[in-house]
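TrEMBL has this to say about the protein:
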- 60-73: compositional bias 'Basic and acidic residues' (COMPBIAS)
- 39-73: region 'Disordered' (REGION)
- 136-154: transmembrane segment (TRANSMEM)
- 160-182: transmembrane segment (TRANSMEM)
- 194-215: transmembrane segment (TRANSMEM)
- 235-259: transmembrane segment (TRANSMEM)
- 271-289: transmembrane segment (TRANSMEM)
- 333-351: transmembrane segment (TRANSMEM)
- 358-375: transmembrane segment (TRANSMEM)
- 387-406: transmembrane segment (TRANSMEM)
Amino acid sequence: VQNSRKVLQKNRSAKCRGEIQNWNREEKRKLSSEIAMATRQRRALTSDPPETASSPAYTKVDKPERSDGENEGVDRGLGWLLPLLCLGMLRHMSATSNIIHDCDEVFNYWEPLHYLLYKSGFQTWEYSSQFALRSYLYILLHKLVGWPAAWWFGEEKVRVFYAVRIFLAGLSVICDAALVVALSRKYGKRLASYALAMLCLASGCFFASTSFLPSSFSMYAMSLSSALFLFNKPAMAVSVAATGVILGWPFSILAFLPLTIYSLVKSFKPVFLTGVVTSIVLMVLSVLVDYDYYKKWTSSVINLLVYNVLGGGESHLYGTEGASFYLRNGFNNFNLCFVFALLFLAILPVAKKKYAPELLVVVSPVYLWIAFMSLQPHKEERFLYPIYPLICVAASAVIESFPDLFRDKYNPNGSSTLVKIAKILRPLALGLILCVSHARTFSLINGYSAPIEIYKHLDYHDDAGPGSVLCVGSEWHRFPSSFFIPDYVGQVRWLDDGFTGLLPIPFNFSLGGTSAAPSYFNNKNKASERQYLKDPEQCTLLIELQLQRPYPTRGSDMSTWEIVAALPYLDRELSPPLYRSFFIPNQWQQKNVFGQYRLLRRIHK
């Protein structure tokens, strides 16, 4: 019995050990299966090419926003709609209300355009085929708008004048909007918004944007070229720069040098080929157009450069200014915006990571151009036009960097009290700039718009009769162009009021018109015997500025002349500089002295 029990126990133990072994083998199989499955899944994940290929690279859009809201909305940037709408509205206002700031705009550009459209207009010595310093290619660009406008409006030449101005405004809108969008995508919405506000309202940009001048065209090219450069399109940027130099103002080549050199270093072959091809095409086209009008093979671009650089051009004959002229002029037209722009290099060590090298390349012409032009004896406000947009960009960068001046370099994301104050100062500085700019714009438009408005009154006095003679004495330099002269006026003649320089003389169609080389023109600014009307008794109408002076004027003889229209005109000499330069509420009219800009008609006895 005992042996039987021992055998039974052994059998039971063996059975239990077998079951345990079987259970262990089953668990091992399950575990091995799970490990194999996990291994296959890991291999599938790591070797999945579509998932890896579609994963985007890290960009600044993926960067988490700071908790203090500093980067809120920056990365999204500005679209095209807002800049186009804002600039479009302000440029339209400029086109319809802008005054003419320089007589060169009238006699070297509006008058030749008037001659091409209506076969009448004044000619300057630069357009004599003997000198051929002015390009007709630039005039033809505006004729593309002037000719259909002249056909559409008929005898209403004033509307043609404003149609061309609106065309200029459109060019400015497109180029400046591109610059704003490029700044937004490269440096963020805040800097771009500041630049947009200044481009819209700064007095310099407001007036220069719709001026019919090659320097304004170079300004358009500067905005568009800088935008393309920031869009990382260096070849197109250099091509636009070449267009601004050849088709616009050849001397602006100096302002485009930093961008061109940097683009060549960055991508030599495509930039070089594009720039050379653009320059050759435009130069050939310019020569062909000059030949068609001057009737001789010449290049107005080369003639202008040779006369002023190599030929000993006597620009000092037309006035000289001191070395501080452009600093004073820059402050008048941009106020604190100009000051901040000059401080860009000062803040660069703090903001170098943000703005170097691209933005430094873009704004460097501000310093280069002001320094070079200040060394020239002959200075004019329009010479600074090409860098006007860059002044706004540089100032925007400085204002946007206010908080960076006070950040702790070991804790750049911290918000100390000084950083918070700097953030508050940004909109305050921008608001001050815009308010002062508006004060400047208001003062100029309301103080000096009388000449254009008085000439518009000629349309209401056609009872003077056909063939009337309109006479202008010392106010010849404020003549707004022949677009404001109605058809019943047969001639516009200058009266001798003591000016000894050479005045424009009407194009002589009998001598060949644009191809003529009249003997009465010279490049020494010496008066011609033909420029003045010998007998003032032939005058039917008279334009005159009546100021508070101790000497009488022609129009002061009320027995000979009657006033048919008069408007106030700001007396620059007797008005305080601060009040005449900027509109100050409740003080502008009280502190300033005004004369009368008059249209007079001869009394028939």
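Every residue, even glycine, has its Cβ placed from backbone N, Cα and C.
Automatic prediction, not curation, is the source of TrEMBL annotations.
Most Cβ pairs under 8 Å with the transmembrane segment (235-259) belong to 358-375, among the candidate stretches 136-154, 194-215, 358-375, 387-406. Two recorded stretches are said to be in contact when at least 3 C-beta pairs lie under 8 angstroms, sequence spacing 6 or more; the transmembrane segment (333-351) and the transmembrane segment (387-406) meet this definition. Sequence-distant neighbours of the transmembrane segment (136-154) (same chain, 6+ residues past either end, Cβ-Cβ under 8 Å): 109, 112-113, 116-118, 160, 163-164, 167, 212, 214, 217, 247-248, 282, 285-286, 289-290, 292-294, 300, 514.
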